[in-house]
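As written in Swiss-Prot, here are the features:
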- 217-219, 243-244, 265-267, 270-274, 341-344, 348, 351: 4-CDP-2-C-methyl-D-erythritol 2-phosphate binding site (BINDING)
- 217, 219, 251: divalent metal cation binding site (BINDING)
- 1-210: region '2-C-methyl-D-erythritol 4-phosphate cytidylyltransferase' (REGION)
- 211-371: region '2-C-methyl-D-erythritol 2,4-cyclodiphosphate synthase' (REGION)
- 16: site 'Transition state stabilizer' (SITE)
- 23: site 'Transition state stabilizer' (SITE)
- 139: site 'Positions MEP for the nucleophilic attack' (SITE)
- 191: site 'Positions MEP for the nucleophilic attack' (SITE)
- 243: site 'Transition state stabilizer' (SITE)
- 342: site 'Transition state stabilizer' (SITE)
């Protein structure tokens, strides 16, 4: 059995997919798509090493200790070149995680022809009449190239060292004069590029798990500036001491959302040692944090917030706070609840030295079946 490693390309921006979630993080059952695709291929062969390119290594590492991860580049070729630095096996298989349903039959066809050329690649024939600039092309000569592809590692590295932009491994090796061998591709190995492609693939649907997060934040009164809660001005001069605008509710809610998704906390994302967050709009930071959560495949179910303050009274502001949160997070207002309480004059809150906020949220996997 030939020594071979596997590279899975999962660092793309999913621009053409055109949704809030990156397609590599769509959930198939409980697995993100990148993991589902990698598990599928890795079950077919005892790979020496499995390398996954990533735009979020810290998060992806939470799913498995069996793979190596490397930060992707700006292009496919750059990502592949970086991943190849970790490969020393004679052969390397490269695939896009967006090709989720590669079959064992296709995999075996690639392996069976390993000695035929420098790169073995699956390809589909074109059945329909094909035009280029209104001129009919000879469809018998057209091939739709797919992945996974198997290449001789040293030759693929040499091909990519030309620093030219190739959209797949076979064209890079062909440009070096290498021999390409085509095997029959399959419809199931078509790439998930546009959200409409989801309807063409028989994929497992997301599980119905719920993820709960809590956030707690405290700030001291003392700044002669507006007191903001959820971006709503509560008082013109009772501001809270903070590196940002002091919106303690926004900070608490941000932490709750990050926690439910497993993305750390607000201090990691927006450190108070970074001057670019000085006097920052906390509701804008909340939106950015939720965008990151949505990118990795989650969406909010509901929010419950308890503001603890002896003063000022907040009854008349709760509706405005709920509305502003709904607008910022693109969430139905009936899914948001803001409560206010005192501490019956006990503790630092009762002494009117500061205020605190406790937020709880529930997240679920993004339901891509609605697309």
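Cβ coordinates come from backbone N, Cα and C, glycine included.
Comparing Cβ neighbour counts within 10 Å across the recorded positions 23, 243, the minimum falls on 243.
Residue 191 (site 'Positions MEP for the nucleophilic attack'): 15 other CB atoms within 10 A of its CB, across all protein chains. Using a 10 Å Cα-Cα cut-off from residue 16 (site 'Transition state stabilizer'), none of the binding-site residues among 217, 243, 251 qualify. Those same-chain residues not listed among 217, 219, 251 yet with C-beta within 8 angstroms of the centroid of the divalent metal cation site C-beta atoms are 218, 240, 242, 246, 247, 248, 249, 250, 252, 356, 357.
Restricting the recorded positions 23, 139, 191, 219, 251, 342 to those with a CA within 10 Å of the CA of residue 266 (4-CDP-2-C-methyl-D-erythritol 2-phosphate binding site) leaves 251, listed by sequence position. Mean predicted confidence for the region '2-C-methyl-D-erythritol 4-phosphate cytidylyltransferase' (1-210): the pLDDT average there is 96. Taking the Cα atom of each, residue 23 (site 'Transition state stabilizer') and residue 191 (site 'Positions MEP for the nucleophilic attack') are about 11 angstrom apart. In this view, residue 271 (4-CDP-2-C-methyl-D-erythritol 2-phosphate binding site) is surrounded by 11 other Cβ atoms within 10 Å of its Cβ, with every protein chain counted. Ranking the binding-site residues 217, 219, 274, 343 by Cα distance from residue 191 (site 'Positions MEP for the nucleophilic attack') puts 274 first.
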